[in-house]
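Student: What follows is a single structure, and I will ask about it in a moment.
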Amino acid sequence: MKREKFSSSLAVFLATLGSAIGLGNIWRFPYVTGMNGGGAFLFVYLFCVLLVGIPVMISEFFIGRKTRSNPVIAFEKLGGRKWSIVGYMGIIASLLIMFFYSAVAGWVYSYTFKSLMGKFNGATLESSKDIFINTITNPKGVILWQLTALLVVAIILTMGVKGGIERATKILMPVLFVLILICDIRALTLENSLEGIKFLFAVDFSKLKSSSILTALGLSFFKLSLGVGAMITYASYFTDDDNLMSTSLKVALSDTLISLLAGIAIFPTVFAFKMEPSYGPGLLFITIPLIFSKLPFGNVLLFMFFLLTSIAATTAMLSLVEVPVAYLMEVKKIGRIKSVLMVTCIIALFGSLAALSVEGNVLSNVKLLGKSVFDIFDYLSSNILLPLGGILISAFVGYFVRREEVIIEITNKMRIKNVNPLKIYLLVLKYATPILIGIIFINSIF
Ligand code: PFF
């Protein structure tokens, strides 16, 4: 069976960016930035992206394109049998993330539908809260919407790398960008919009705590889809002549830009209505519907906002699900459609447990070490497997792969003569990246 590839550098960029852009940009990044000193935090975040995010991303790109294999075989080819365990860890991490991520994606899908149906017309704080609680505690509803989100992802993936992932991201990424710009223009033309901009951008070093650095590191990792083999898998489909260094830089910067644009759509509106900027579910599912519905044409705006959030979640899930799919296809020799079906069923099974374990839903009493099923999946993936994967990936490329091999893969295919930037990257990868991630890892555990 011939392995598929993306058809151009643009396709490579859009698919990879599609993986990076997700729920993280909309419900986590803007708020975390505002709370940790705005511009000061951005500075720290960009520093983490440069010292940790980009080196790990280039390493994943190298591993994937060099071996043109799924993460398990990729590590085996480059480092021998024992390293394939890092690939298996990636598969488990991507599944764990999917279990809770698809639950939230289901809520977002249901909100897109609800806003289209005008459910938030004349919303009050009370009604907005009620709708949210009803959405996440209705067992049939959460499962139905989670399955819908999974079905959309599955259909795209059965169409393959070019016909599915490439085609979908080529259409959806520009749509997402236009929708976010429309929301931004509306937000910036509101009275008082400056307050929100100040919250997001004003440089306030006094709000920067030592924990902000840890937050920034963890955020950059999740944001850039690192440590779970998603970037390895996508890079195994990259074109031969794609410039890996510039792709990683472009993806990291564009992803940050989209997070900031999301913040610009959200906070000026929040402050214009003199609301408190809140976090996560409260911000996305209660505050936003409430305030958007108060604007002229608020319904349309709200629909556009949730549509763009659905798009972001969907393109991120494509890359998460493709990790186990690529493994089943190449190692177990199962066809694409069957592989997608199998992985989707596993995610639907465990994912519905996560969705049903949310506060107020039927399984909310099931606790393990004081955590709900949802939180356990989140904790194991974000706090343990992701950083561990990052340390192992950077240490692997930094210490166990021959330097020449890395230099040849990354520069020679592009016929790049000046290898100095790459040499700097290799130094960072060897001496800074694993240590920095090690610090977050130890800190997050204790
Ligand atoms: N980067 C995505 C987000 O910010 O929402 C989440 C994600 C996607 C994490 C793919 C990991 C991954 F492999």
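The first residue you see is number 1, and the count goes up from there.
A Cβ is built for glycine as well, from the same backbone N, Cα and C atoms used for every other residue.
Predicted automatically and left uncurated, TrEMBL annotations should be read as such.
Below are the features listed in TrEMBL for this protein:
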TRANSMEM  38-64  transmembrane segment
TRANSMEM  85-109  transmembrane segment
TRANSMEM  142-159  transmembrane segment
TRANSMEM  171-190  transmembrane segment
TRANSMEM  210-239  transmembrane segment
TRANSMEM  251-273  transmembrane segment
TRANSMEM  300-328  transmembrane segment
TRANSMEM  340-359  transmembrane segment
TRANSMEM  379-401  transmembrane segment
TRANSMEM  422-442  transmembrane segment
Student: Mind pulling out the one from 38-64, 171-190, 251-273 with the most Cβ pairs under 8 angstroms to the transmembrane segment (210-239)?
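Tutor: Result: 38-64.
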Student: Which one of these stretches, 38-64, 85-109, 142-159, 171-190, has the most C-beta pairs shorter than 8 Å to the transmembrane segment (300-328)?
Tutor: 85-109
Student: Going along the chain, which residues at least six beyond the ends of the transmembrane segment (85-109) come within the CB cut-off of under 8 Å?
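Tutor: That would be 22-23, 70-76, 135-136, 142-150, 227-230, 232, 284-285, 306, 309-310, 313-314, 316-317, 320-321, 323-324, 327, 343, 346-347, 350-355, 358, 374, 377-378, 380-382, 385-386, 388-389, 392-393, 396.
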Student: What residues in the same chain, six or more past the boundaries of the transmembrane segment (251-273), come closer than 8 Å to it by Cβ-Cβ distance?
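Tutor: Residues 13, 16-17, 20-21, 24-26, 29-30, 33-34, 42, 45-46, 49, 53-54, 57, 176-177, 180-181, 183-184, 186-188, 190-197, 199-200, 223-224, 283, 287-288, 290-292, 294-295, 305 contact the transmembrane segment (251-273) from elsewhere in the chain.
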Student: When you scan the chain for residues with a C-beta under 8 Å from the transmembrane segment (38-64), skipping those not six or more beyond its ends, what do you find?
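Tutor: For the transmembrane segment (38-64), the far contacts come to 32, 71, 74-75, 78, 198-205, 207-208, 212-213, 216-217, 219-221, 223-224, 226-227, 229, 231-236, 238, 244-245, 247-249, 251-252, 256, 260, 390, 393-394, 396-398, 401, 406, 409-410, 425, 428-429, 432-433, 436-437.
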